[in-house]
Every structure is written in structure tokens, then in C-alpha cells.
Amino acid sequence: MQKEIDIKIKDTLALDLQKGVPILLKDGFQETDNLEEGSILKLKNPAGKFLGKGYVGKQNKGIGWLLTKNENEIIDTAFFQKKIAAAIKQRDDFYNSSETTAFRVFNGEGDGIGGLIIDYFDGFYVISWYSEGIYSFKEMILEALEASVSYKGIYEKKRFDTKGQYLEDDDFVKGQRGEFPLIVKENGLNFAIYLNDGAMVGVFLDQRDVRKKIRDVYSKGKTVLNTFSYTGAFSVFAAAGGATKTTSVDLAKRSLGKTTEQFEVNGIDVEKQDIIVMDVFDYFKYAKRKELSFDVVILDPPSFARSKKYTFSSAKDYTNLLKDSIAITEKSGIIVASTNNATFGMKKFKSFVEKAFKESNRKYIIEEEFSLPSDFKTSPLFKEGNYLKVLFIRAK
Ligand code: SAH
């Protein structure tokens, strides 16, 4: 059994924990420098009353996560197994689907353990460790997962500072090694996935419902511009939905080969699509100069991006990004605006839209709103965990 440390926390954090807030914010503690990653804390209010047990795992503003409010519950393999089994049960529909074979099995604090993410890719599991602290429970968590599922192989992603130690690693943990690309399905289409090649595996699973909507409702007979396109997942769905042409723009050189591959594994003629390696902000200028316009423009930028010429922060610059897009969107066209920035909510995101259309002298209506899909379970008391915001905006 892990050693447990009694620790008194400030009243503010005590109140939060009582409500069920899962994160242990740094400023709820008198002193955090000597807290060791992976330690189990018995959290008590200033009067000494027990509030919960958590673990130390530093991530941004948090120094760790609440695990249980039960003083008698021991943090051991059985504890992790209980949590993982409950999460798996809630994903029954995904496990039983033949149309979709890639989904999130365990979503951190939403499933009761902050800092731990487990994704499923057609028989393979990928565990993402968000701190050294959660990584210190690796043996228990692996044992718990293996007791809950059968699998082909397990991979891992260390999303904390490993100080360069693991650079040569292919992230394989146990079972059988995969052959990559691994072809997984999403709503009947294919994705080529690489579990052995860095943090990003080829697709962001949180946009599944958005991709489906683009394919099923918004693509037939349309020209589609997909900016910040990465491996072109939105373009694949648009093309499969009958888009006359898709244009994918990303500045990463690898995006050309990766996007070509995603079209090919779906039997879509790549020759009919444009895949452009270019800075999106240069592309907007180019498109304006050439008087190009599109029926559908998809915007899915990272929260922060720094290229040679531009810095983009979604909290500061989204309005301008929208204005650039509005300028090349056909009358009655659709802008799919997405952000994964957790520092602002839907209300503020909508205010960017309002401002951008006002300043462009165009009217609009919002046709669809999306947040995270059901497998990305969130905690109602940790709103930063519910980061995804997507709007389908009809530009008049
Ligand atoms: N929309 C994608 C995910 C985007 S990930 C999807 O659905 O899968 C963010 C991408 O933005 C990365 O591929 C990165 O290379 C690209 N990127 C960042 N800054 C950029 C810029 N200024 N111009 C073009 N692409 C950029």
C-alpha cells in the first residue's frame, strides 16, 4: 500500500472538495514544493476534518486530483479496476459498434481519475499519462486494465516532461506490437493510425460527431476548405459526403503525405482534392487575391500556434480568423468554427462570432452547436475539462 500523507488544506479548497470538485488547485495548499509526485494525500480542512484522498500529479494549475471521498478506500489495483470497469461499461455501445472502432475508454477526471486517459483503437489500448504522479501507478493501472479487457496490444504516451529520457521509444508497453498504419473505423469510414509515432496518432477522436454532421448534412455538392487540416480527417468526411472538392491547408510538411494516405484508405480519388502545405494566414491572402470562395470553411486551429510569420492565440485572434474566413465564404455558405481552448466558454466564443460578422457587415445564423462526444465524459464541477466548442454558422 502506498504511504498516505495527512495534509491540511485551505478553506477554499476544502469547500470545493466538499462539492465534488476533482482538481487539487495549487493555491489551496500552504506549501507544495515538497509534495512528491505520486504521493497519496489525506486531505483535511483547517479544523482537521477528513475531506478526501487524492494523489500528487502536477499539471498546470493543479498539483493533483481527488480520488475518493471515502476515508476507508485504499488506492490499490482494485480501486483502479473499479473505476476502469465502470468506464468500460459506459462505453458498451462503442464496444458493440462495427461502424466505429476507435473511441475514448477513460477520460481523466470525468471517469474519476484526473491525469489518466485511455483510448481504444481496434483492439489496441493507448494510455496517456499526464503527470509523473499518475505514471507512478503504472503497474497497478496496467493490472487493472488487463483484468477488465482483452486486447491485442497496449501503447502509452507520456504527456509530462520526461527530460528527453524516452526519445527513442516507440511507446509500446505489452501484448503484441501493432502493424502500422492500423486501420480503424469511424462511422463507416477508415482512418490510418500510428500508435508508435509520437503524441499525435493521426486523428482527434473528440471531433467524431462533427465529422459525421459535415458528411451527412453539409457536404453534398459543396466546395470545402479545411484549414489547420492535420491529416485531413474533416476533408475525408466531406469528400465521402459528396463534396465536389476539398482543399486541405496545413503548414506541417507531413500533412501532405498523411492526408493523401487518409483519402487512399477510403478509396477516395486524391487527384480530385487539393492538399496544400502552407501557412493558413498566407492562404487566406492568396485566396482573396485569387478571388476564391468556398461553400464550407472549416476552422480548427490549435489554442496557440507560432509559425515563422504569425502568432495565433485563439483567445485573442479568433475574431480575425473568422473575418478572414467570412471574406472567402459564399453567400449562404457554412463556417464550421471549432476551438479546444479551455480558458473560455461557449458564450465568449459566440461573442467572437458576433463581432466578426458585425465587422464584416454580414448576417449569420448558428445552425449547430457541439461540445465533447459522450465517450469524452466530463465532470460538471471541472468545466475546463469540457474544452471543445464547435459552431456551424450559416453566413448570409
Ligand atoms: N483539424 C485537425 C486538427 C488540427 S491540429 C483535425 O481535425 O484533425 C492543428 C494543426 O494546425 C496542426 O496540424 C498544425 O500543423 C497546424 N497549424 C498550426 N499553425 C498553423 C498555421 N499557421 N497554418 C497552417 N497550419 C497550422
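Any Cβ shown, glycine's included, is placed from N, Cα and C.
All annotation found in TrEMBL is predicted automatically rather than curated by experts.
These come from TrEMBL:
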type: DOMAIN; residues: 7-69; note: domain 'RlmI-like PUA'
type: DOMAIN; residues: 184-366; note: domain 'S-adenosylmethionine-dependent methyltransferase'
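Taken together, the residues in the domain 'S-adenosylmethionine-dependent methyltransferase' (184-366) have a mean pLDDT of 97 on the 0 to 100 scale. Taking H, G and I as helix, E and B as strand and the rest as coil, DSSP gives the domain 'RlmI-like PUA' (7-69) the counts 12 helix, 29 strand, 22 coil.
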